[in-house]
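Engineer: Sharing a structure, written as structure tokens. Questions coming.
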Amino acid sequence: MQDFRAGQLFRPSFYILPPEHGPLWSGQGLPVWVFPCIPPPMAKQLDYHTIREIFSRFHEADAAPKGELDHVNAYTLVVAVALSAQATDVGVNRATAELFKIADTPQKMLDLGEEALIEHIKTIGLYRNKAKNVMKLSRILVDDYGGEVPNSRAALESLPGVGRKTANVVLNMWWRYPAQAVDTHIFRFGNRSGVCPGKDVVAVERAIEDNIPVDFQLHAHHWMILHGRYVCKARKPMCGNCLIRDLCMFEEKQL
């Protein structure tokens, strides 16, 4: 096995992160995030000027990166992100393409009903539990927020099925706050590269806030997640195609 303990690395076939980061059940019925990949060794911290150069290159390559979950308003973004845990963005988009045509507000979702919602999302993992959460959060939004999505992290995290990661995605993508949603791709990239190393997602989130220049923080989440998804891959990182390969501290880089 591997895990982060006393500064050493052990390798598990599944890496389990704290409960607030996903909806899969643990033995006690608590939600946990399970990353089916091997977490990388934490790199040393890059200096400020190198990190600025990295994000300058990201900005030059794509000045306005966007998330890949389809949505039409703040509510459908909340639903899409909640559905995306333990699922791919492609799979979620396929399931919500027709759903959001008929249920793009909390009230319309309540009118649709849980069983009809299940029919739309049954191709997504944990669809029954996710459907229950969508119906519950829709009821809360109607009853407590007049059908609107709140713009505070605390209020978002109070919604069923919405943890810190989902709240940060909504704050960043819809409300344009420099909130950092750390997923498996960002966690891997941050530790490999030395941009934002940390032993868990909370530490990586804090490292992003501390290390990345303020003028790049709004889009930092998307630059890193897209780079981690398509270039800095878990098993076979495409170092030869990486635009920051000369700056990255990944000791096992393949050029």
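Our numbering is plain: 1 for the first residue shown, then up by one each step along the chain.
A Cβ is built for glycine as well, from the same backbone N, Cα and C atoms used for every other residue.
Pulled these from TrEMBL:
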BINDING   CYS232, CYS239, CYS242, CYS248  [4Fe-4S] cluster binding site
DOMAIN    83-230  domain 'HhH-GPD'
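In terms of burial and nearby residues, how do these features look in this structure?
Structural biologist: All protein chains considered, the CB of CYS248 ([4Fe-4S] cluster binding site) has 22 other CB atoms within 10 Å. A coil conformation is recorded for CYS248 ([4Fe-4S] cluster binding site) in the three-state DSSP classification, outside any helix or strand.
The DSSP breakdown of the domain 'HhH-GPD' (83-230), given as helix, strand and coil counts, is 103 helix, 0 strand, 45 coil.
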Engineer: Which secondary structure state does DSSP assign to CYS239 ([4Fe-4S] cluster binding site), in the simple three-class scheme?
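Structural biologist: DSSP call for CYS239 ([4Fe-4S] cluster binding site): helix.
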Engineer: How many other Cβ atoms sit within 10 Å of the Cβ of CYS239 ([4Fe-4S] cluster binding site)?
Structural biologist: 18
Engineer: Given the binding-site residues CYS232, CYS242, which one has the fewest other C-beta atoms within 10 angstroms of its C-beta?
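Structural biologist: Minimum Cβ neighbour count within 10 Å, taken over the binding-site residues CYS232, CYS242, occurs at CYS242.
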Engineer: Average the pLDDT scores across the domain 'HhH-GPD' (83-230) and report the rounded value.
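Structural biologist: Mean pLDDT, the domain 'HhH-GPD' (83-230): 97.
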